[in-house]
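Trainee: One structure coming up, written as structure tokens, with questions to follow.
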Amino acid sequence: MRGGPGDAERRQRWGRLFEELDSNKDGRVDVHELRQGLARLGGGNPDRGAQQGISPESDADSDGGLDLEEFILYLQEREQRLLLLFHSLDRNQDGHIDVSEIQQSFRALGISISLEQAEKILHSMDRDGTMTIDWQEWRDHFLLHSLENVEDVLYFWKHSTVLDIGECLTIPDEFSEQEKLTGMWWKQLVAGAMAGAVSRTGTAPLDRLKVFMQVHASKTNRLNILGGLRSMIQEGGLRSLWRGNGINVLKIAPESAIKFMAYEQIKRAIWGQQETLHVQERFVAGSLAGATAQTVIYPMEVLKTRLALRRTGQYKGLLDCAWRILEREGPRAFYRGYLPNMLGIIPYAGIDLAVYETLKNRWLQQYSHDSADPGILVLLACGTISSTCGQIASYPLALVRTRMQAQASIEGAPQLSMLGLLRHILSQEGVRGLYRGIAPNFMKVIPAVSISYVVYENMKQALGVTSRS
């Protein structure tokens, strides 16, 4: 691989580029000049590249432009990052990126691109006609232009941050290095948490009905959706439909934060500084992060189930419920159903990720000629389908978990282990018994997804999360 020039030569080259971009010769490059320069240089989106170049991080004195020192500092940081990315794509470490390495890199992200598409990407950077890209060609192409191919896919196809259907077993989203550096990652997580809170509150009656049917529905009582709603309203009035919603909302913030932090630490511990994980690696890291978060907040899951199933006047509130469980059943009660819950992460997260990546890949193959942005409807449809498939696969374990959480509070209910409960349900009710309550669970998916997306977009605007164009 050809090494980069010395520092003095680099500064001279950057100085010449600065002079070329500074069309009015005022010693500053503003957004308008940078946009014109990028359009003249060709390749990429000049509007986006200009906004990315003159960001709050690179414009230290916040005057809306870059002087020579700010411009050089921005290019230094960008060149270091480009070198790391070049090394990660140059898989055989021969100092050149060829067509097969471009295909492999996209395949690692779960995106299959054709030979023709890979050649098109390579041609856009290959200046000497060798059908390979060396470091200088790579650096000169991307130094001012944004890394659209990889970062756009990460940005536009966020899944778990955007959509909340009441289950927290999805693999965390990847955030680009730019989003981490600018602080956009935590704003997106806050927007996602607020969206989840509103979405869960809006669909709380259906969620409580699901829990009610999981525990109380059987072959003998033939409890259905209308019967379950009628029974809950007769027992506690209309407000009782929201029992358990408070703690369901309360656990969003700690779970999201723990999962994100655990995911980043696991990534770093296993794969070092590798910026973007392969799909299989994301599944491993995401599943471990989900298991970590669930372990920490699991007592809240038990309290949610007990509060959702409580009778009028049974508990004075959250703390009273927690104290009574501790007093009567001991601390182990807060981890009833923990094993099926952990086992449920694997089918849910695996199928959700696999289906979502398949749908994403199909759309990118057929429709992403000009942009990786799928639009609202495609994103919602892909997220809804993948999450629903994940739920179907893991639902029997979720039902067993809920019954184990609740069985100590139900008079006369047998205190069974996970396998004992599975055998009991199959012998008494057959396979259908493992899917009690799945109808209201499906009914809440579309309203939950719609509400969470609308709130997420509005929260992003309120928090100043920049969008890509």
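Cβ coordinates are placed from backbone N, Cα and C, and glycine is handled just like the others.
Automatic prediction, not curation, is the source of TrEMBL annotations.
Positions annotated as domain 'EF-hand' by TrEMBL: 9-44, 77-112, 113-148. The annotation region 'Disordered' is assigned in TrEMBL to 37-63. Residues or ranges marked as repeat 'Solcar' in TrEMBL: 183-269, 277-362, 374-462.
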Trainee: Going by DSSP, how much of the domain 'EF-hand' (77-112) is helix, how much is strand and how much is coil, in residues?
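Mentor: For the domain 'EF-hand' (77-112), the helix, strand and coil counts are 23 helix, 2 strand, 11 coil.
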Trainee: Restricting attention to the domain 'EF-hand' (9-44), give the mean pLDDT.
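Mentor: A mean pLDDT of 69 is what the model gives the domain 'EF-hand' (9-44).
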Trainee: Under the DSSP assignment, what numbers of helix, strand and coil residues are found in the repeat 'Solcar' (183-269)?
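Mentor: The composition, in the requested order, is 73 helix, 0 strand, 14 coil.
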Trainee: By DSSP, how many residues in the repeat 'Solcar' (374-462) are helix, how many strand, and how many coil?
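Mentor: Going by DSSP assignments, the repeat 'Solcar' (374-462) contains 75 helix, 0 strand, 14 coil.
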Trainee: Looking only at the repeat 'Solcar' (277-362), what are its DSSP counts of helix, strand and coil residues?
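Mentor: Its residues divide into 73 helix, 0 strand, 13 coil.
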